[in-house]
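Marked as substrate binding site by Swiss-Prot on the basis of similarity to another entry: Tyr26, Tyr46. The annotation active site is assigned in Swiss-Prot to His81, His107 on the grounds of similarity to another entry.
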Amino acid sequence: MAKPTAPCFEDVLGCQAALYEWAESYDTKDWDRLAQCIAPTLRIDYRAFLNKLWEEMPAPEFLLMASDLKFLGNRRLKTQHFVGGASKWLQTSEDEITGQHQMRVAHQKYADDALSEVALKGHAHGHATIWYRRVEGQWRFAGIEPGIRWSEYDHDRIFFEGEEKLGEPQSDECAC
């Protein structure tokens with residue numbers, strides 16, 4: 001495909017189904033469900049909050065990262081990935097589509113396993129570029145790049161432990 005085009009309605013529906021499964025699996029911490037909706041390799045650009053880009057992360061590594069106790073696997077962390085109704089879709093090849101989605105992601109971390117006391121809140125507002133790939137006839141979640149425009153509360157502290165384990169150190173040097 002030489003020039004990106006608008007995908008057909010059925011392909012958009014397939015991508016929306018993958019997007020829904022991705023968001024729900026994150027929020028319910030259902031890692032088997034996540035495994036069913038992802039592509040064999042993913043582009044994960046978490047520079048917005050982990051300062052890390054994985055150009056081609058194998059699905060098993062992605063599942064390990066997502067379910068890590070320092071990341072979304074922490075049972076004291078509750079999330080809600082809201083995807084806005086205003087989305088843009090571009091078909092970049094026969095088996096690849098890029099979606100641009102409005103996002104709000106709420107995070108709440110609890111002080112105890114009984115989830116009785118909120119220790120930290122942090123919500124991110126913005127958009128996400130999400131890549132989809134058709135694998136054996138089914139559209140799959142193939143990567144994400146969040147774009148955080150603004151945040152509420154202590155969003156920068158939600159994944160502090162995850163940034164230490166999974167991310168890259170921040171550099172004050174100019175990359176000019």
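Just so it is clear, glycine is given a Cβ too, placed from its N, Cα and C backbone atoms.
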Q.
Quick check on the active-site residues His81, His107: which one has the highest count of other Cβ atoms within 10 Å of its Cβ?
A. His107
(Q) Going by DSSP, is Tyr46 (substrate binding site) sitting in a helix, a strand, or coil? (A) coil
Q | Rounded Cα separation (Å) that holds between His107 (active site) and Tyr46 (substrate binding site) | A | 16
Q) Whole-number Å distance between the CA of Tyr46 (substrate binding site) and the CA of His81 (active site)? A) 15
Q: Take the Cβ of Tyr46 (substrate binding site) and count every other Cβ within 10 Å, whichever protein chain it belongs to.
A: 21
Q: Fill in the CA-CA distance, His81 (active site) to Tyr26 (substrate binding site), as an integer in Å.
A: 8
Q) Using DSSP, would you call Tyr26 (substrate binding site) helix, strand or coil? A) helix
Q: With an 8 Å cut-off on Cβ-Cβ distance and a minimum sequence separation of at least 6, pull the same-chain contacts of Tyr26 (substrate binding site), or say none.
A: Leu34, Ala66, Leu72, Thr79, His81
